[in-house]
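Asks: One structure coming up, written as structure tokens, with questions to follow.
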Protein chains: 2
Amino acid sequence: MDDIRFAVLGTGGIGRRTLEVATHRDGLTPVAACDRNGVAIDHGGLDVDELLDATEGNIASGPADDPDATDGSSDLRSDGGAAAGGVKQHGEQAGIVASDQGRETETPIDDVIAEADEIDAVLMALPNLEHDFIPRVAQRFADADYEGVLIDVLKRSRVIGMLEDREERLVDAGITFVCGAGATPGLLTGAAALAAQSFVEIESVEIWWGVGLKSGYEDNRGTVREDIAHLDGYDIESAREMSEAEIEALIDEHDGRLEFDDMEHADDVLLERAGVCDAEDVTVGGILDVRQDEKPTTTTVSVTGRTFDGETGTNTFQLDDATSMEANVNGPAIGYLKAAVLRNRAGDYGVYGPAELMPTF
Amino acid sequence: MDDIRFAVLGTGGIGRRTLEVATHRDGLTPVAACDRNGVAIDHGGLDVDELLDATEGNIASGPADDPDATDGSSDLRSDGGAAAGGVKQHGEQAGIVASDQGRETETPIDDVIAEADEIDAVLMALPNLEHDFIPRVAQRFADADYEGVLIDVLKRSRVIGMLEDREERLVDAGITFVCGAGATPGLLTGAAALAAQSFVEIESVEIWWGVGLKSGYEDNRGTVREDIAHLDGYDIESAREMSEAEIEALIDEHDGRLEFDDMEHADDVLLERAGVCDAEDVTVGGILDVRQDEKPTTTTVSVTGRTFDGETGTNTFQLDDATSMEANVNGPAIGYLKAAVLRNRAGDYGVYGPAELMPTF
């Protein structure tokens with residue numbers, strides 16, 4: 001495969017870890033990264049170490065105590081100025097602008113779009129925004145006639161339909177969009193689709209994840225906030241409006257350990273799209289522990305079905321407890337990105353889910 | 001997806017079970033099937049039940065006690081007359097010609113090729129033949145300018161290179177070839193590639209299978225013969241030359257239970273092709289028990305690697321003991337066939353392995 005030049009929108013935990021993991025994989029050159037008020041572009045390849053050093057720590061993707069920092073501010077989003085996913089909250093040189101490679105901008109996403117002719121793939125690492133934020137960003141790339149790959153690690157089921165609504169426009173531009181290409185949805189969705197191949201009828205797909213996030217907590221506040229939205233009594237709006245202090249109080253209340261059952265997770269619609277089963281046959285849950293790095297439970301995909309010869313069985317896929325959330329999100333994200341570039345170069349455009357595409361190395 | 005019209009070359013266990021499993025899946029119309037001396041073609045769709053009833057039982061794909069029945073007869077193969085994979089050994093109306101839909105022919109593969117304009121995909125269910133048999137059959141389809149999918153369930157590593165040697169010719173014709181698309185190589189190879197995504201470096205891939213084949217034994221003698229070739233002291237030539245009585249004696253000697261270690265199995269080169277790891281890091285083994293239907297051991301794929309953040313772990317994929325070899329071979333074969341048709345229709349030609357393609361439903 002020829003070299004892939006890629007950009008990352010958002011430099012929270014997922015965006016930065018993707019840059020880092022990419023340095024371990026062949027054929028990938030990071031050429032652009034942005035956050036809410038900064039952009040770094042170098043078509044010869046960004047210096048990832050310097051960028052990571054400059055943006056590490058003090059990351060928050062929620063409104064925190066500063067309402068102006070709200071990722072979801074509609075003004076910022078509607079004028080194209082909000083590439084978010086977390087920036088340094090303190091000091092004038094917050095986020096990417098703290099890097100020697102970064103510069104301040106009011107229109108970070110537009111700045112990346114302006115360079116898109118020389119970009120093969122764009123990872124949208126933009127957690128915790130309104131449901132239609134990623135579809136609308138995709139639309140903006142399409143409107144600029146970007147020909148290439150867009151990929152996200154979104155979680156919410158309802159976003160998929162919004163992408164499908166825009167599929168014709170994406171195809172016209174020449175975009176191959178992979179949605180939900182992290183761990184779950186992503187790696188585990190793909191594993192479910194594979195495990196299902198033994199069967200002619202699927203009874204249930206159960207995805208159960210464990211995440212220990214003590215040392216990664218600061219870096220993944222956006223993801224934690226998004227997870228809270230899945231708890232009983234919360235939704236994405238109320239979770240977004242919580243202050244950091246309120247989130248801490250909630251976590252204290254649960255002794256650092258949040259259990260999620262029957263989450264609205266896009267695995268369901270992504271498996272239905274792939275023809276594996278009905279969305280309602282898919283359940284997703286898990287346990288997040290922010291006070292230990294050990295996983296509180298083993299991440300397991302269980303696919304139960306009936307074989308052509310009338311037997312019922314359960315195939316399983318398990319991730320070693322030693323593999324971190326970051327390893328399981330960012331490795332697959334890059335694998336799906338590379339697979340999508342192959343598709344895109346073959347002229348295969350449209351919206352794909354992780355159950356339709358084998359990630360590559 | 002529009003309806004897929006497919007053919008099966010060989011009506012041994014794998015060929016017939018593929019026809020059967022296909023009746024449980026959407027969008028598949030079997031239009032042609034052949035064996036060594038018969039062919040059945042109906043572009044409106046074969047009557048699978050009738051064909052299975054007519055060809056069930058008394059299947060042997062080896063030379064048995066009748067040297068004329070040798071699948072590997074070079075005369076038959078070189079003149080294009082050998083679509084094998086097992087036929088009824090007894091009676092004048094042996095194999096497909098026993099079906100109302102079948103007719104006798106000296107050139108079964110050529111008869112299918114002659115109709116290939118109206119065929120989207122061809123499953124080559126031809127076990128236990130010389131290594132270059134499948135590549136040469138592929139070549140014949142290419143020479144006839146067949147535009148469509150070819151898929152096999154081959155096992156031997158060295159065949160992959162022979163296919164790669166012909167890749168240019170296949171691409172010119174418009175052929176998308178998926179090699180090794182059964183259980184292993186196939187489903188388990190794909191699972192290994194997926195499980196590897198958590199890691200930036202793979203230490204080892206271990207594929208360990210269990211097959212209980214009591215009731216399926218008669219129907220899968222070709223596969224058993226091919227497995228014997230993997231035992232210490234045997235190779236594909238000596239296994240092919242064994243009489244049925246010699247095979248029975250060998251099985252008796254092992255009380256019906258054959259254990260295989262470090263088999264030459266194409267999973268290794270297929271994973272290397274996909275960039276997952278070096279072929280030498282892959283080991284394949286398993287236990288075949290022909291005297292019970294219960295699996296003698298649980299089929300498991302273990303992928304051990306190092307994550308970007310320095311941890312070492314092992315991700316695993318396990319098939320339920322209740323899923324039969326047939327379910328795990330033929331379900332994935334159809335899934336890969338369908339995925340390959342999508343690729344082919346998108347104009348994506350060439351040779352693919354199961355670690356490069358997500359099978360679809």
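Just so it is clear, glycine is given a Cβ too, placed from its N, Cα and C backbone atoms.
From a predicted model like this one, the values you see are computed outputs, not experimental measurements.
Below, the features straight out of TrEMBL:
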ACT_SITE  B:Lys155  active site, nucleophile
ACT_SITE  B:Glu226  active site, proton acceptor
ACT_SITE  B:His230  active site, proton donor and proton acceptor
BINDING   B:Gly10, B:Thr11, B:Gly12, B:Gly13, B:Ile14, B:Gly222, B:Thr223  NAD(+) binding site
MOD_RES   B:Lys155  allysine
REGION    B:57-105  region 'Disordered'
Asks: Could you state the CA-to-CA distance between B:Gly13 (NAD(+) binding site) and B:Glu226 (active site, proton acceptor) to the nearest Å?
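Replies: Rounded to the nearest whole number, the Cα-Cα distance is 13 Å.
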Asks: Within 10 Å of the Cβ of B:Gly13 (NAD(+) binding site), how many other Cβ atoms can you find? Include all protein chains, please.
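Replies: If we count other Cβ atoms within 10 Å of B:Gly13 (NAD(+) binding site), we arrive at 28.
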Asks: Which one is closest to B:Gly12 (NAD(+) binding site) in space, judged by CA to CA distance, out of the active-site residues B:Lys155, B:Glu226, B:His230?
Replies: B:Glu226
Asks: Rounded to a whole angstrom, what is the C-alpha distance between B:Lys155 (active site, nucleophile) and B:Glu226 (active site, proton acceptor)?
Replies: 9
Asks: For the C-alpha pair, I'd like the distance in angstrom between B:Gly222 (NAD(+) binding site) and the residue listed as 'active site, proton donor and proton acceptor', rounded off.
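Replies: If we compare the Cα positions of B:Gly222 (NAD(+) binding site) and the residue listed as 'active site, proton donor and proton acceptor', the gap is 13 Å.
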Asks: Within the chain of B:His230 (active site, proton donor and proton acceptor), which residues six or more apart in sequence place their C-beta under 8 angstroms from its C-beta?
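Replies: When sequence neighbours closer than 6 are ignored, B:His230 (active site, proton donor and proton acceptor) has B:Phe260, B:Met263, B:Glu264, B:His265 within Cβ distance under 8 Å.
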Asks: Measuring Cα to Cα, how far is B:Thr11 (NAD(+) binding site) from B:Glu226 (active site, proton acceptor) in Å?
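Replies: Just about 16 Å between their Cα atoms.
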Asks: Pick from B:Thr11, B:Thr223: which of these binding-site residues has the biggest number of other Cβ atoms within 10 Å of its Cβ?
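Replies: Selected residue: B:Thr11.
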Asks: Does DSSP give B:Thr223 (NAD(+) binding site) helix, strand or coil?
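Replies: DSSP assigns B:Thr223 (NAD(+) binding site) to helix.
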Asks: What whole-number Å value do you get for the CA-CA distance of B:Ile14 (NAD(+) binding site) and B:Glu226 (active site, proton acceptor)?
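Replies: Cα-Cα, rounded: 13 Å.
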Asks: Please name the residue among the binding-site residues B:Gly10, B:Gly12, B:Gly222 whose C-beta has the most neighbouring C-beta atoms within 10 angstroms.
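Replies: Buried the deepest by this measure is B:Gly10.
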Asks: Let me know how many other Cβ atoms fall within 10 Å of the Cβ of B:Lys155 (active site, nucleophile).
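Replies: By my count, 25.
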Asks: Which whole-number value in Å describes the distance between the Cα atoms of the residue listed as 'active site, proton acceptor' and B:Gly10 (NAD(+) binding site)?
Replies: 15
Asks: Could you check what DSSP calls B:Gly12 (NAD(+) binding site) once collapsed to helix, strand or coil?
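Replies: In three-state terms, B:Gly12 (NAD(+) binding site) counts as coil.
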Asks: Consider each pair of residues in B:Gly10, B:Thr11, B:Gly12, B:Gly13, B:Ile14, B:Gly222, B:Thr223, all listed by the record as binding NAD(+), and report the largest Cα separation in Å as a whole number.
Replies: 13
Asks: Check the recorded positions B:Ile14, B:Glu226 for other C-beta atoms within 10 angstroms of each C-beta and report the one with the most.
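Replies: Of the recorded positions B:Ile14, B:Glu226, the most buried by Cβ count within 10 Å is B:Ile14.
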